[in-house]
């Protein structure tokens with residue numbers, strides 16, 4: 001870490017120019033405001049999607065509170081802390097994933113939760129959504145970029161090891177998202193286009209292999225249903241048809257807040273969790289969803305700005321990968337609810353009710369803010 | 001960072017910036033896909049999805065009209081609607097099906113058969129959140145238990161439905177008929193709109209004939225429902241029109257009496273009010289519990305009924321076709337007098353048999369040695385066969401058929417019974433067509449005493465008796481006295497087009513009636529024992545129908561065969577002689593002679609009607625407390 005010390009010495013505290021109170025407590029004001037708009041707006045949609053249950057809203061507010069605290073704490077830590085701890089966090093995560101397979105608890109034939117004495121129940125796979133990109137970024141940032149072929153291979157091992165463990169749970173959806181988070185790091189690190197092309201070629205070969213050897217029947221069913229939901233309108237296709245109906249009947253302006261018949265009459269399944277964007281689309285129309293997507297895009301744009309302006313490659317890679325992961329959540333969720341992607345259990349970031357997703361995401365934004373607000377100003 | 005490697009920070013930054021640019025372009029492309037998709041759904045296909053959403057939300061639900069009630073002539077309820085409760089399960093809302101079923105079994109005592117049917121239905125294709133029936137017709141104890149445990153059992157509902165109930169079950173089963181669940185074939189036949197909410201349809205008897213009037217008109221409500229099909233609010237409603245209530249000519253007391261008189265035997269009694277043609281009693285014994293058929297009879301119970309040698313499902317009064325035997329003689333007498341083939345004074349020598357033209361086959365009289373010189377009056381009173389052999393031979397088939405047709409034989413003349421049989425009134429053409437043989441004089445001889453080819457149902461015999469009592473004035477037999485409700489009685493009751501039988505000399509009616517009076521109250525009448533001590537004058541005629549048909553292949557039970565090969569006992573009567581109030585036909589299968597078996601039953605029935613039920617005021621006696629609520633006019 002010698003050269004970093006050198007940089008710190010060169011810059012010195014005098015060059016550090018905080019622009020106001022929020023920056024001083026390591027929060028990025030623009031990102032914070034955008035996130036708060038999203039969170040508060042999401043509460044209104046949740047109130048409607050949750051059948052006007054104030055209890056659900058209250059519980060979500062509590063969760064948001066926890067998430068904000070987590071974000072705040074993560075923002076306080078210097079990026080070097082994440083870098084120093086990266087191997088340990090990653091190793092801990094792997095151990096937890098192995099523990100889940102051995103002693104985990106869960107429902108519907110999948111073991112995803114770990115209940116350790118003295119700790120709240122948690123999903124190690126959720127933790128890995130952060131730990132894998134941080135670990136990969138740590139690995140790459142130790143060397144010059146773009147990485148050599150051999151280092152890309154090692155990075156891929158870092159990514160695939162937890163993926164395999166998560167697939168075993170089984171939780172294919174989360175495994176893909178964790179894998180993607182790691183791969184985004186590889187992509188931003190500057191993996192050569194040739195290699196990238198070869199990788200996609202391998203993925204093209206792997207897809208049928210997955211179909212025949214890895215995917216469970218219910219997962220295949222989801223894909224098949226996506227291709228032709230009307231083939232089973234009362235079974236697996238029910239969700240898709242009802243959510244498309246909700247979205248489509250919203251039209252340009254929507255039916256108005258709390259006026260959505262699809263969700264309020266229970267035709268729309270999971271209306272306050274995974275399918276909440278259909279509630280928004282039904283009640284606030286095309287304009288409402290477009291605004292939501294714009295809001296997400298603004299958040300992503302701000303995060304990319306943070307990434308580009310990060311001081312070292314570790315910060316850049318972590319911020320870039322986390323941003324892309326966030327975008328993938330948005331895309332996959334809206335894509336599946338509007339019927340262009342199979343139904344996988346991905347909630348709409350920051351809006352869907354429940355789960356640990358909102359805490360993980362806010363932790364990620366905390367890391368992002370940390371990267372941005374711990375910069376030392378260097379001229380040149 | 002290991003030593004020996006040099007880090008080009010600026011190059012790394014530029015590399016990262018390029019990658020971010022690529023990522024941004026890809027992201028914008030993907031966002032474009034999402035927006036395009038939403039545009040496709042929300043703008044381009046907005047109307048389609050609005051329609052889908054409305055169809056989801058608003059359901060048009062039919063409201064079944066309550067079926068019309070059926071009363072007897074004294075407003076005693078014969079067919080009513082009772083709420084029946086059944087348990088249904090919505091599998092989507094049941095957290096643990098096995099446990100729920102185990103709990104339900106404890107609470108309700110569900111049979112294995114029900115459970116098996118439930119599992120079968122569970123496996124069948126159905127809409128999510130639609131209820132699956134588990135157990136029908138809960139008793140009050142079960143309903144109470146369900147009310148207590150309902151909150152422990154999410155997804156389990158108790159549903160109520162109005163179901164037909166016949167309080168007099170066996171007694172009225174053949175007279176009223178019954179309703180049952182609509183089957184596949186009926187589904188095709190019935191108006192799909194009007195029967196949208198209806199599960200039951202009249203299967204036989206009055207229930208079937210007056211199905212249209214009893215059913216009423218379906219109502220509708222537009223309701224907003226949730227995905228579970230639960231009604232949240234009614235947006236629009238059109239009330240159903242309840243079916244018309246019907247008041248029958250039937251008197252349940254007389255019906256009960258007729259049923260009791262025949263109990264332990266097989267047979268039928270039909271009683272008609274001659275003035276109106278109204279059927280006072282229509283009993284076929286043994287009967288069956290019509291209530292079993294309403295919600296669906298079990299296979300075993302149905303097998304027991306359909307395979308019983310006593311044929312309880314067979315409506316003998318309407319469908320039993322018997323040779324009328326000597327009960328046809330009064331009608332033959334009317335025909336003979338009016339067609340001038342005989343006179344009141346003409347006598348015939350009866351040596352105990354009859355030969356056509358005095359030679360050939362001997363047609364035997366029932367009395368060995370014969371009745372000696374016989375005139376028409378004596379021939380009826382003593383049921384002399386020889387006289388009628390002679391008369392039949394003189395009249396020939398054409399004349400006999402012409403007159404018997406006017407008495408209502410050979411066709412269904414009843415206005416409003418369903419499933420009646422026409423019997424058989426043979427003619428020359430019939431025999432040519434069916435047997436490909438000419439009509440022989442011997443056929444006329446047989447026909448003259450109601451044997452040979454001729455067949456009649458008890459209802460037809462009672463109808464013909466009423467014609468005798470009415471002096472030829474025709475009143476078609478009918479069940480319906482009046483319809484109480486939207487439709488007028490004239491509208492629902494078919495028109496009676498049958499002509500009267502007008503004789504050249506009307507006095508001949510009285511002559512034949514007097515002769516029939518001698519049957520029961522004359523010193524040599526065949527049924528004089530049955531007429532003894534009657535405080536009114538009445539007319540009757542005995543009959544005995546030979547049983548040809550029973551095969552000799554039932555060799556295992558000799559006593560049984562003997563019993564079943566015995567003749568059918570018949571008796572017709574009307575009373576009082578002047579101003580008849582009731583005409584009766586009685587048939588007791590394998591009852592032996594008409595005078596010994598059937599006539600006493602008729603006498604008791606007439607006694608009950610004239611002395612107990614219509615003593616004092618003739619029209620409307622005691623029972624009047626059960627007037628229907630919706631009744632408007634008093635007929």
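Our numbering is plain: 1 for the first residue shown, then up by one each step along the chain.
Each residue, glycine too, has its Cβ placed from N, Cα and C.
Computed from a predicted structure; not experimentally measured.
As recorded in TrEMBL, the features of this protein are as follows:
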TRANSMEM  B:20-40  transmembrane segment
DOMAIN    B:63-234  domain 'Penicillin-binding protein dimerisation'
DOMAIN    B:267-606  domain 'Penicillin-binding protein transpeptidase'
ACT_SITE  B:326  active site, acyl-ester intermediate
BINDING   B:350, B:365, B:371, B:384  Zn(2+) binding site
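According to its DSSP assignment, residue B:350 (Zn(2+) binding site) is in a strand. Secondary structure from DSSP puts residue B:371 (Zn(2+) binding site) in coil. Same-chain neighbours of the Zn(2+) site beyond B:350, B:365, B:371, B:384, judged by a C-beta within 8 angstroms of the site's C-beta center, are, in sequence order, B:348, B:352, B:367, B:370, B:372, B:374, B:379, B:382, B:385, B:386, B:387. In this structure, the CA atom of residue B:371 (Zn(2+) binding site) is 16 Å away from the CA atom of residue B:326 (active site, acyl-ester intermediate). A gap of 17 Å separates the Cα atoms of residue B:350 (Zn(2+) binding site) and the residue listed as 'active site, acyl-ester intermediate'. Residue environment of residue B:384 (Zn(2+) binding site) contains 27 other Cβ atoms, counted within 10 Å of its Cβ in all protein chains. The two recorded residues, the residue listed as 'active site, acyl-ester intermediate' and residue B:384 (Zn(2+) binding site), show a Cα separation of 9 Å.
Its Cβ taken as reference, residue B:371 (Zn(2+) binding site) is surrounded by 22 other Cβ atoms within 10 Å in the chains shown. With a cut-off of 8 Å between CB atoms and residues at least 6 apart in sequence, the same chain places B:350, B:352, B:353, B:354, B:371, B:384, B:385, B:386 near residue B:365 (Zn(2+) binding site), listed in sequence order.
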